[in-house]
Amino acid sequence: MAKGKFERTKPHVNVGTIGHVDHGKTTLTAAITTILSKKFGGEAKAYDQIDAAPEEKARGITINTAHVEYETANRHYAHVDCPGHADYVKNMITGAAQMDGAILVCSAADGPMPQTREHILLARQVGVPYIIVFLNKCDMVDDEELLELVEMEVRELLSKYDFPGDDVPIIKGSALKALEGDQSDIGEPAIFRLAEALDSYIPTPERAIDRPFLLPIEDVFSISGRGTVVTGRVERGIVKVGEEVEIVGIKATVKTTCTGVEMFRKLLDQGQAGDNVGVLLRGTKREDVERGQVLCKPGSIKPHTHFTGEVYVLSKEEGGRHTPFFNNYRPQFYFRTTDVTGSIELPEGTEMVMPGDNVSITVKLMAPIAMEEGLRFAIREGGRTVGAGVVAKIIE
């Protein structure tokens, strides 16, 4: 039985910790929940509770992720923390944990390390829009100049990957000291400064219902005397009866009008984000529409065939390939509801990609797909998933 109703009085934001192994991501996560729960309510989570992250399946891929939540003065946060580097790679690429912003944890004693760089690059590739830095373990650095040097390095690294390095908030502290209840500047107060930075620096995300209408088409029916009906789940926005809509992808884009919306055999005057609906289209022939296209607000999304993506290749244990793949590998790319064949170009100097690797690729599809940066896809061979990816940049 639920312990009382979930009160959604504050806006909801999704965040997560990223950064190099042993720089203190999990300790910081524990410190945030512990310290904020004292002031704003919520549940304190100990390091061990977070570290024993349960396994989840996202698109057939096993990922270990810990989910915690906490309140600040203005918001409710859902926060993800992963135990291992591979879990971060999988999590960010599959979008299992969509982040509105990330907290980059960097040890002041070590400065930026290989995974610091890799997680910043991943954040850029998968479209994490904002990064806030927590410079951890400041109790281990006595030299003020050394701290400034590390801060400068982190800012340069962020700028290198197109984040606004000069403007990113950097909070100096010690997660461990904060957990121990230390009241000095780098203890508990640092956690409150981090909370303030989260509230002020990450804008409240736009809700799905407020975005332009989009429905991935799952099925097409012909209803005699009424016309053609497409079905699917509204991904975002609202569609109203009488509105113009576009059918995008696979073939040339066509405009049509929504003349009816049906849900559970009832007629509605509109369908909105989250609804499973049938949409009746005026004057559209059954053979003009197919699964894999999208129905959308006119002009809101364009069809593309050529893009770069960041991909995680499933390991053998995850049911992926047993062998590497090479340049010009031609699998199927599963976007939303359908497979499209495409060819993969590997980055210069990369001979092959092994199962369990992640890699940046350039893809050319045989047919155009309604696409925008941040769209997730699966890579399949004969119906089984061998990889997961995200569109990083559209070329054409």
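Glycine too: its Cβ is placed from the backbone N, Cα and C atoms.
As given in Swiss-Prot:
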{"type": "BINDING", "residues": "19-26, 81-85, 136-139", "note": "GTP binding site"}
{"type": "BINDING", "residues": "THR26", "note": "Mg(2+) binding site"}
{"type": "DOMAIN", "residues": "10-206", "note": "domain 'tr-type G'"}
{"type": "REGION", "residues": "60-64", "note": "region 'G2'"}
{"type": "REGION", "residues": "81-84", "note": "region 'G3'"}
{"type": "REGION", "residues": "136-139", "note": "region 'G4'"}
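Taking H, G and I as helix, E and B as strand and the rest as coil, DSSP gives the region 'G2' (60-64) the counts 0 helix, 4 strand, 1 coil.
In the three-state DSSP assignment, the secondary structure recorded for GLY19 (GTP binding site) is coil. For the region 'G3' (81-84), DSSP puts the residue distribution at 0 helix, 1 strand, 3 coil. When the region 'G4' (136-139) is classified with DSSP, helix, strand and coil residues number 2 helix, 1 strand, 1 coil.
Looking only at other Cβ atoms within 10 Å, the busiest spot among the binding-site residues ASP22, THR26 turns out to be THR26. Sparsest Cβ environment among the binding-site residues LYS25, HIS85 (other Cβ atoms counted within 10 Å): HIS85.
Look at THR26 (Mg(2+) binding site): DSSP puts it in a helix. In this structure the alpha carbons, written CA, of CYS82 (GTP binding site) and the residue listed as 'Mg(2+) binding site' are 8 Å apart. Taking the region 'G4' (136-139) as a whole, pLDDT averages 98 in the prediction.
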